[in-house]
Amino acid sequence: MNSVEIANELKELLNGGNINVQLSVPQLAEKATSRGEAMLTVDGAVRAETGKYTGRSPKDKYTVEEESTKDQIDWGKVNQPISSEVFDNLYVKVIKYLKERDELFVFKGFAGADKDSQLSIQVINEYAWHNLFAHQLFIRPTKEELASHVADFTVISAPNFKADPAVDGTASETFIIVSLEKKIILIGGTEYAGEMKKSIFGIMNYLLPQQGILSMHCSANVGEAGDVALFFGLSGTGKTTLSADPDRKLIGDDEHGWSDNGVFNIEGGCYAKTINLSAEKEPEIYNAIRFGSVLENVAVDPETRICDYDDGSLTENTRVAYPIQYIENIVDPSVAGHPKTIIFLTADAFGVLPPISKLTKEQAMYHFLSGFTSKLAGTERGVTEPEPVFSTCFGSPFLPLPATVYAEMLGQKIDEHGAQVYLVNTGWTGGEYGTGSRMKLSYTRTMVRAAIDGKLTNVETTQDAVFGLHIPTAVEGVPSQVLNPREAWADKAAYDAKAAELAGLFNENFKKFANVSEAITTLGGPLK
């Protein structure tokens, strides 16, 4: 099928009698509950279960191999190729399936708060609660914007349509297929709403760098003086917690672009973890759970409708989606200037990385490409003990282009705007996981605040003998023995052995970046 035929099929679907376009939040909440998709909690949130899939399905995600784009994509485990024929056949089947539904729901909106690079999107849903999720997560249009809205990309989500692998050419009944040429994202066989969010992020990670804009998997906030800070880190490293600061305004919690204008949020909402959530620990998220919010897989009493955020019986990956306006202390619209401080967060279960260290540009690019952390229980199915993981650019599942494209852009931006990068270990200290202890959040907050306030810009440092990292000798409010990881271990020989082991893992992982400059490898990585 060519793009015209694809568009005609889509037009026919959207002109059907079963279409609900741009319903309001109360209308979607009503639909979700009356159709038996979800229930209302005592706080007024819409709560749904996602069945078998309570997280992303990376093995079922494909990109169509197309002449116009195939030479740009970094093909492999993340970007799995699939043929146009497979896409076309599934597209026809999904459209036919959706035409036969009693009701469909359409959201029209945007990705990217910077008007210069904004992407117009539409999301077509089988479920009303999925459409409410899209309404709250993406950027909502004004009446004027809606009147002239023409979608650049369309997400089509049909969770109850299941592929037949033997016939349809997929690996399982589930599929997330992106056609960059036809500007369609086709999702079937999974009810996990996060697939919609991350598929649009993937599109932005493809489009923005081609406009000279660095797309980033990070949270961002800004101080009263306009000083912007970015927080990179994988699940469980403290990105959301550390960027929620009462003295700084939130730009966004997960996806951003960095253009010549500054930093902007790609989304219009937040998608936060709720496992073990409490009003004391994370008041901003807790207070955002109200009418209009969408809860995923959170345990709830069927009679009182009171949520139990400590109950991970359905999954540890319980979530809430809400518009960013549900957070009090935000920048609206979600745009700000150029970052002064960049924080790379890692949860090191080896317990050997410093709690904070200053990075040179080469080290920043090296650690950005490495994207090291320890995978913690609950972020993916089957993970019960922390295990080391390297996720390129702190977001490899969402990067269609070669990693070096993003790393080189980061290096250029650091040079252009004089940003200082810090590596912050929120993981273990005084020993590895099981013998050491988790870094105190109060210490991490103090160190991050000192970095953002510029107190570490000219501080005296010592160089770590294994990783070459520059460790501040003093940070007010943090014991000096905590700052140097080797000093925090009682058994120095055990520390040396663990540090050497992790350095070896870094070196082994970095072999896949054969085409990066020698300066990044030699000046950025471990000394041993």
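Using the three backbone atoms N, Cα and C, a Cβ is placed for every residue, glycine included.
Positions annotated as substrate binding site by Swiss-Prot: R56, Y192, K198, R319. R319 (substrate binding site) carries a strand DSSP state (E or B). For R319 (substrate binding site), the count of additional Cβ atoms within 10 Å of its Cβ stands at 23 [all protein chains shown].
Swiss-Prot lists K198, H217, G233, L234, S235, G236, T237, G238, K239, T240, T241, E282, R319, T444 with the feature ATP binding site, giving sequence analysis as the kind of evidence.
Reduced to three states, the DSSP call for K198 (substrate binding site) is helix. Residues annotated as Mn(2+) binding site in Swiss-Prot, with sequence analysis given as evidence: K198, H217, D254.
If you take the CA of H217 (Mn(2+) binding site) and look 10 A around it, the binding-site residues you hit from G233, S235, T237, T241, R319 are G233.
For the pair G233 (ATP binding site) and R56 (substrate binding site), the Cα-Cα distance reads 18 Å. Annotated substrate site R56, Y192, K198, R319; additional same-chain residues within 8 Å of its Cβ mean position, judged by their own Cβ, are G55, A193, G194, E195, K197, Y271, N317. Looking at Y192 (substrate binding site) and S235 (ATP binding site), their Cα atoms lie 17 Å from each other.
With respect to their backbone Cα atoms, K198 (substrate binding site) and T241 (ATP binding site) stand 21 Å from each other. Take the binding-site residues K198, S235, T237, T241, D254: by the count of other Cβ atoms within 10 Å of each Cβ, the lowest one is S235.
In terms of Cα distance, none of the binding-site residues chosen from R56, T237, T241, R319 sits within 10 Å of D254 (Mn(2+) binding site). Under the DSSP three-state reduction, T237 (ATP binding site) is assigned to coil, being neither helix nor strand.
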